[in-house]
Structure formats: structure tokens, C-alpha cells
Amino acid sequence: MVMNPDAVRNVVGIIGNLISFGLFLSPLPTFVTIVKKKDVEEFVPDPYLATFLNCALWVFYGLPFIHPNSILVVTINGTGLLIEIAYLAIYFAYAPKPKRCRMLGVLTVELVFLAAVAAGVLLGAHTYDKRSLIVGTLCVFFGTLMYAAPLTIMKQVIATKSVEYMPFTLSLVSFINGICWTIYAFIRFDIFITIPNGMGTLLGAAQLILYFCYYDGSTAKNKGALELPKDGDSSAV
């Protein structure tokens, strides 16, 4: 019995949705701590501002009038967008005024950028191919930056010969997530989903290799999976 490729694609996409949802929720304990302490301490919202922009672009890309038959891209990134808004709202509620102003400044720039992209695409591109090309290219660019963020942690692992701040579970789940979405993109070939997720799969595999090379059974911790980067820290979870 030959399975319908679209049915297989939908199943893979649903699995990808579930895994990605778990990744979106991974910082939740940190925000619970922020609410309990009523203080953001030295944490910065940069990774969540970046994820907000990334999710918004993918939601736009998956809309029927931009790239048809991409509803599962919309569902998970729409969910992620709402989660990031909640994270940013919590941060804003407990951050001191200077950090609030900085966050609002970055968020304003992102919203203006998104509005400009939407207006430019809807008014200037009148075919699915042109709209998909423009929005998809932006998604690849920002998605690749998101997936490249762990390079900083990988460099630290090599320098210190310790996996203390590269938790195995997060690396494994990120690897599996990249595989799911790469398969999803290949079934009905979509180059814009393939590139960032293919890169994410390779980086995830590299993290797992590093983990097994440098794991000594005593220094690995999971705290890095849940914490926001602090001021001056260029890494993003």
C-alpha cells in the first residue's frame, strides 16, 4: 500500500509541531522564577525578541496568499509567537525602566520592519512565487541566524573541554526537531524550510558529537537549557 505523500507530510509536520512546542516552552521555569522574585536580575530578552521576529516571519510565509499548503508552519509559529509575546510581557512587567525602554525600542523596530515587509510583498509582488521568494529568503536569513546561535556554546565546549552549559536533552531535541522539519520540507520540496532546518540538523548533530567527546559524567548540567542569557552573554538558548 502506497501512502499519500501529503498525508505523510502532515504526520511529520504534526510531530514537528509537538517537538517545536516543547522547545518554545523550555524557558518557562526561568520566567516562573522571574515572577516569583519579581525581578529580571541580569537577564536580557534578546533571544526572545529574535524568536518573536522569526516566528512572525514564518507565520507570514505560511499564509495561503503567500505560500499555500503550509498550515502546519502557521500553527506552530503562531503558537510560538504567542508564547514569545507572553515571555516578553513578563519581562517587561518586572524589568527596570532602562531595560524596558531598550526592549520597547527593539520591538518597535521589529514591528516596523514586519509592517514594511508585509506592505512591500502584498503591494509589490503579485504571484505566489514572488511572494514566497521574498518572504522565504527573509525566513532563511533569520532562521539561519537562530540556528547558528549555539555555535557560541560549541566554541565554549571545545575551549573548556566541558559540556556543563550544553545540556544533552536540549541538543537532542533540537536535532530531532531539525530532522522532522527537513523531512517535512523534502516531501513537498520547499527550499526555504529546508535550508535553515537542514543547517539546524547538522549543528544539532555536531553538538551531540561534542557532547559525547567531552562528557565526563560529572559536570553536565541542565541549567543552561532554561536560563535567559545575561548581560554581555552573546549566546542564545
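Using the three backbone atoms N, Cα and C, a Cβ is placed for every residue, glycine included.
Heads up, TrEMBL stuff is auto-annotated, nobody curated it.
Taken from TrEMBL, the feature transmembrane segment covers 12-35, 47-66, 72-94, 106-127, 133-153, 165-187, 193-214.
In this chain, the transmembrane segment (47-66) touches the transmembrane segment (106-127); three or more CB pairs sit within less than 8 A of each other, excluding pairs fewer than 6 residues apart.
Here the transmembrane segment (72-94) touches the transmembrane segment (47-66). Their Cβ atoms form 3 or more pairs under 8 Å, with each pair 6 or more residues apart.
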